Amino acid sequence: MTRPRFDRILLKLSGEALMGPGQFGIDPDTVANMAAEVKAAKEQGLEICLVIGGGNIFRGMAGAAKGMDRAQADYMGMLATVMNALAVQNALEQMGVETRVQSAIKMDQVCEPVIRRRAERHLAKGRVVIFAAGVGSPYFTTDTGAALRAAEMKCDALFKGTSVDGVYDSDPKINPKASRYDVIGFDRVLADDLKVMDASAVALCRDNNIPIVVFNIREPGNLAKVLAGSGTATVVMNEE
Ligand code: UDP
């Protein structure tokens, strides 16, 4: 399979990617490892937009399950994504990579608001743009936020870093005979309810023809390998 060449990508990391060996929160060593992956990818000459989840700190659904008002809990989840964005910004800048954080919930003292044209300018100057607070509304996820920003910023692909090396026909952590797809269509992912990203994010990528590249972010050096076409990944795309 020949992978398309990418000039600009959106990388989505779940909050759990920052958690390290713990069950909760932000592990500075793990954040530094993630930042090193981003730096290596950037050194290939790419423009990079980043979206980071908040599940390592707070998920709205979990709060709602314990009796909280869902929208209130979702706002807390969005604030968690801002904390993660600041942690990754700090790690990237300590490695000499310039960044800007843009939040969908205005927080003037902390970061910029989302302004597409300004984000374009940052990318042109070689900065990594980290989009925080998802779409800025409850009842959404950072997966959908990632798909939205990928469309808005005209990214060539959405890279979804996970703890498995692609999309399988069943859960490889449960079924040892599960087999991995190299390429799979959006409609198949939705019809078979394969766990790639949530359905609204997958549909947004399908409608805007943005391939989703699912790969293992926990393997050091893997993002750069996948970008170079040599790593293991699944590409979700519109079938011809
Ligand atoms: N969230 C939200 N709207 C958004 C993005 C996120 O309400 O546009 C809230 C939601 O409560 C979610 C939490 O923020 O559970 C953390 O995001 P997510 O669960 O997507 O993080 P991840 O699973 O990627 O770590």
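Each Cβ is built from the backbone N, Cα and C atoms, and glycine gets one as well.
Computed from a predicted structure; not experimentally measured.
Per TrEMBL, the features are as follows:
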- 8-216: domain 'Aspartate/glutamate/uridylate kinase' (DOMAIN)
- K12, L13, S14, G15, G55, R59, T162, Y168, D171: ATP binding site (BINDING)
- G54, D74, V135, G136, S137, P138, Y139, F140, T141, T142: UMP binding site (BINDING)
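Where TrEMBL records a feature, it is marked here on the structure.
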residue	record	contacts (Cβ under 8 Å, 6+ apart)
K12	ATP binding site	L50, V51, I52, G53, T142, D143, A146, L158, F159, K160, G161, M197
S14	ATP binding site	I52, G53, G55, N56, T142, G161, T162
G54	UMP binding site	G15, G77, M78, L79, A80, T81, M83, N84, T142
V135	UMP binding site	A104, T144, G145, L148
S137	UMP binding site	none
Y139	UMP binding site	R70, A71, D74
T141	UMP binding site	G53, G134, D198, S200, A201
D171	ATP binding site	A178, K195
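In this entry, K12, L13, S14, G15, G55, R59, T162, Y168, D171 make up the residues listed for ATP, with the farthest two CA atoms of the set 25 Å from each other.
Selection of the binding-site residues K12, S14, T162, D171 by a Cβ distance under 6 Å from ligand 1 yields, in sequence order, S14. Same-chain neighbours of the UMP site beyond G54, D74, V135, G136, S137, P138, Y139, F140, T141, T142, judged by a C-beta within 8 angstroms of the site's C-beta center, are, in sequence order, G60, G77, M78, A133, G134, T144, G145. Within the model, the domain 'Aspartate/glutamate/uridylate kinase' (8-216) carries an average pLDDT of 96. Once the Cα atoms of G54, D74, V135, G136, S137, P138, Y139, F140, T141, T142, the listed binders of UMP, are compared pairwise, the greatest separation found is 14 Å.
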